[in-house]
Amino acid sequence: MGYKIAIAGATGNVGREMLDILDERGFPADEVVALASRRSQGTEVSFGDKTLKVQAMENYDFSDTDICLMSAGGTVSKEWSPRIAAKGCVVIDNSSAWRYDSDVPLIVPEVNADAIKGFSKKNIIANPNCSTAQLVVALKPLHDHAKIKRIVVSTYQSVSGGGKEAMEELFNQTRAVFVNDPIEPAKFTKRIAFNVIPHIDDFMEDGYTKEEWKVLAETKKMLDPAIKVTCTAVRVPVFIGHSESVNIEFENEISAEEARNILREAPGCLVIDKHEDGGYITPYESAGEDATYISRIREDATVENGLNIWIVSDNLRKGAALNTVQIAEALINRGLIKPKSEAA
Ligand SMILES: NC(=O)c1ccc[n+]([C@@H]2O[C@H](COP(=O)([O-])OP(=O)(O)OC[C@H]3O[C@@H](n4cnc5c(N)ncnc54)[C@H](OP(=O)(O)O)[C@@H]3O)[C@@H](O)[C@H]2O)c1
């Protein structure tokens, strides 16, 4: 017997991707339910060769549902996740609402799958921020080998990280440039078409943005609290795929060649690193793919034991939907939950 799975936020960028990934991976679900706000009630979303009618989450009874994959934003998750969890349905949440709660495991299966067993304290598991997910997939094997002391991360994040309205804004502004229409920023604070914006999420007192702080806090929680992390997060006019330039300082010696060989064997990683024109990955090529790609692996001669690397991944997949589905698979494969229908 299979599981009953609800997708909360099924009409969104991440929710639609979750439906595709559940289907692609042959997830052991007997039933998949699509939920969104009341605005979308009755609309349809695709699930493999089927279409699902969207139901309003506020009217849905989670009592016989095993897992809720939640991607409806932080405010909705703060209110709804505890209520859903109280019905015995495990919530795997994509927002930042629960990531820093010490009773909620924050999981990237390639990095800290064992921590998943802590889910039973609140029946909630958190999925990291899109920039952190791909970062820790690439850093974990290098940390295991040579112990990372400090990282400097600069992100080049696509607009899909800001949801479907952000994608529409890039599209409409790009069109407006060509037809000479006026450009009015709405979702972004400045024009995004043919521009880059060094600002994602709210500003904090110290001048960093919340997005930059998330990379720091989540890397420490999942990988090692001793690692020093500093970050600059930048939005770029790319639809899908986040890129990161990462400078890493290690405790122990590691050459670029060793790093390349380690990453070639590491779960979830794919190395594309030829020292020639086009011998690297760009975000456009990562869209629709599962891997975390690593290119431009170089020794940094300005520090002892330093490397520079370029990391790219599809933010809607490894950065969100794929990682969420992998967490659900890990719960099942480790025997941590059984379908409620079995007990009935
Ligand atoms: N995009 C990324 O790269 C990424 C990566 C990691 C995490 N996340 C997180 O994932 C979440 C969703 O992101 P997204 O990019 O998919 O956003 P999105 O495209 O704007 O979609 C938001 C979804 O939430 C639903 N929703 C809004 N209010 C609701 C309510 N009151 N009750 C039920 N459903 C409601 C929307 O339904 P309607 O269509 O009915 O409004 C829609 O399905 C966010 O928390 C985001 O921070 C995103």
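Cβ coordinates are placed from backbone N, Cα and C, and glycine is handled just like the others.
Residue counts for the domain 'Semialdehyde dehydrogenase NAD-binding' (4-119) under DSSP, helix first, then strand, then coil, are 45 helix, 32 strand, 39 coil. Marked as domain 'Semialdehyde dehydrogenase NAD-binding' by TrEMBL: 4-119.
TrEMBL lists T11, G12, N13, V14, R39, S40, S160, G161, P182, N315 with the feature NADP(+) binding site. Around the Cβ of R39 (NADP(+) binding site), the same chain contributes no residue under 8 angstroms that is 6 or more positions distant in sequence.
Residues or ranges marked as phosphate binding site by TrEMBL: R99. Counting every protein chain shown, 22 other Cβ atoms lie within 10 Å of the Cβ of R99 (phosphate binding site).
Residues annotated as active site, acyl-thioester intermediate in TrEMBL: C130. In this structure, C130 (active site, acyl-thioester intermediate) is part of a helix by DSSP.
Reduced to three states, the DSSP call for Q157 (substrate binding site) is strand. Taken from TrEMBL, the feature substrate binding site applies to Q157, R235.
Under the heading active site, proton acceptor, TrEMBL lists H242. Under DSSP, H242 (active site, proton acceptor) is assigned to a strand (E or B) in the three-state scheme.
According to DSSP, P182 (NADP(+) binding site) is assigned to coil rather than to any helix or strand.
When the alpha carbons of R99 (phosphate binding site) and H242 (active site, proton acceptor) are compared, the span between them is 20 angstrom. Within the model, the domain 'Semialdehyde dehydrogenase NAD-binding' (4-119) carries an average pLDDT of 97. Just so you know, of the recorded positions T11, Q157, P182, R235, H242, the Cβ with the fewest other Cβ atoms around it within 10 Å is the one at P182.
Taking T11, C130, Q157, P182, H242 as the candidate recorded positions, the subset whose CB lies under 6 angstroms from any atom of ligand 1 consists of T11, C130. The distance from the Cα of S160 (NADP(+) binding site) to the Cα of H242 (active site, proton acceptor) comes to 9 Å.
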